[in-house]
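One structure coming up, written as structure tokens, with questions to follow.
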Amino acid sequence: MGCGTSVTGSRAKKSERAIKAAILIQRWYRCYMARLEMRRQYALSIFQSIEYAEEQAQLQLSSFFTFMLHFTHLNETDTDLISHFLNSPSDFNTAGSDVQLLEYERMIVVPDSYHGPRLSFPLTVADTNSLLHAFKDQQHLHARYVLQLLHETKKVLKQMPNIIHLSTSYSKEITICGVAWNWMIFAIFYKNGLPSEENPYLFNGDFVDRGKNSIEILIILFAFLLVYPNHLHLNRGNHEDHIMNLRYGFTKEVMKKYRSHGKRILNLLQDVYSWLPLATVIDSKVLIVHGGISDTTDLDFLNLFKRNKMKSVLRPPKSSTERNHDQERTEFVDSPIIRVKRCLPGQDFAAKGMTRPSSSSSHRRRHTSDLLDVGEHRWLLHDGINSGPLLEAQYLDSSVRMPNVPSELTAKEWKQVVDILWSDPKNQNGCTPNKLRGGGCYFGPDVTARLLKRYNLKMLIRSHECKQEGYEISHDGQVITIFSASNYYEDGSNRGAYLKLNPDLIPRFVQYQVSKCTRKQTLHQRVSVVEWSALKSLREKLYSQRSELIAAFRQYDPNYTGRISATEWASAVESVLHLDLPWRTLRSRLVQLAPDGSVEYLSCFNDLEIEPAIKEVQPALVETLYRYRTDLEIIFNIIDKDHSGLISIEEFRQTWKLFNSHLKIDIDDESIDNLAHSIDFNKDGSIDFNEFLEAFHVVNKFENK
């Protein structure tokens, strides 16, 4: 009896120890997973903050363009340079009228050596299948078919309203995707099926600028739109913007793939972007926009204004003073037709069959001379004899017909569109400027509730933000963020998701994560890769602001000890970078800590340096060029209208001086001139600006050595 009791007691103790061990292991595992999750969340926050800072910098370029407008009014002698900024390619659209565009397309010869898809219009399902197979095999669609596709897409989009209204049915659930970049669209189609009458889709903006295959994704979406115009729908995103494309890579992609026809494709795309619908309403209950709303969002107003006036958010509307000034300078537009002829500098007008402007009262009333210098050419403006809706420009022996400039975008129209493309939800009530992105606003649950009540809606679906699980529900279930791009920042950084709606309007989420190289890695390894990549980007961001950061640190270190407290370090970094990150938590990964816990603030710069393209460039100028390299590239790409990468030394010098004066950068003119001449390696008077900027980058000192 005693022996049996002893055995039973021993078993009970073993069982108790096993349970305790299991609880300890479970507790350890939960803590381990929580730490990994925290590290991944911090990495995602770093990526997101840096991305928003880039977007803020992009939007701040609009203030520079406004500065350029004011500069033009004050300094009439610089109109040659400023004209590049004031006139986007769409203002003087080389595509011309629809008839001439079609003529141009027919002139493009598709050689026998081309083995890609050959499209015929109207498109069929066979054409979409052909495109999908070709793009999977890394083939490009020939430029002739790209232009034809864009032309047909524009015609279809022009027939659509600003806000699309759709209906669901139990047999035809609507699939909603947000920010499906690169080849994610193939994963969605594989899991959910191709678009069709039985399988309708809505893609909620940002089709381009993400990944190396944006033009192919755009072609696929537009092709399905042409085949199923009532079953595939597209909302405009904040990246469907030609100036945004200059920063984030789509312009480079198109020019690299299509070279001689790239400019025409990009010009036509500006018009296509402007005709994309701005929002969608499903069953009169669900509003879908790319970004969000504000406390002034007016759906009735958005539904009525001419949306094609919004070519770019980065070109804000002119003030009434600026519009009046422009009208004074260009009174010739009151004529129903203007004949514009161009002569090279010094060329005799008589040789071109032209006469100089008369001194009649009709000419004297104009604010400026009829001789208008633009770039290297002189244009003679005179009243046409024949009336008609088009301007006619004769260039030497060829003629190009250009449409009249569209009516001006108003400040209200501009703000309404910016708010729905750029805004983000927040948990607190109210509506405040979106300082992290630099555009749109943060809207709270009360703002959402008021808008839904005003228009008798139930839910707002939007995209615009990367979410770790691919979606997020906020504002008491009234706002859903759907983000379809998995591995957005780095392999393993986030899942993608899409949602399906039927008449019950209860969203059904489908998550996925596409990854080849991380399948064999452990969770710890995947998180470490994401974290390392995020910290690398953050260190480069710190180094780009090195001078300002050191100045901020030394305000807390008047005796130059090289050490400040963790709180002081965090405050100094945030005051310069404005990234809204948990700096105290991140400090151990970014700087060295002294034994007493203080921060050795110069250590965050120890391992990095900016590698200049030219050794003779002053250190201060090297740092400035690195910090503003993307902004400068955008500005010079606007000047470099053929996107050849070549600009003149004079354009470089003048534009940099303007940028310098706008930002109040302390770089003297002599340094700028010396830099301009140094860049021109072969002394041909032109600068390969793309290569120049790519050479200025942060490197690891140890790896470099």
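The backbone N, Cα and C atoms fix where each Cβ goes, and this holds for glycine too.
Taken from TrEMBL, the feature domain 'EF-hand' applies to 544-579, 627-662, 667-702.
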Counting each residue once, how many in the domain 'EF-hand' (627-662) are helix, strand and coil under DSSP?
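DSSP classes over the domain 'EF-hand' (627-662) add up to 26 helix, 3 strand, 7 coil.
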Average pLDDT across the domain 'EF-hand' (627-662)?
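Result for the domain 'EF-hand' (627-662): average pLDDT 76.
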Per DSSP, what is the residue tally for the domain 'EF-hand' (544-579) in helix, strand and coil?
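Looking at the domain 'EF-hand' (544-579) with DSSP, the answer is 22 helix, 2 strand, 12 coil.
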Mind tallying the domain 'EF-hand' (667-702) by DSSP state, helix then strand then coil?
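Helix, strand and coil residues of the domain 'EF-hand' (667-702) number 20 helix, 7 strand, 9 coil.
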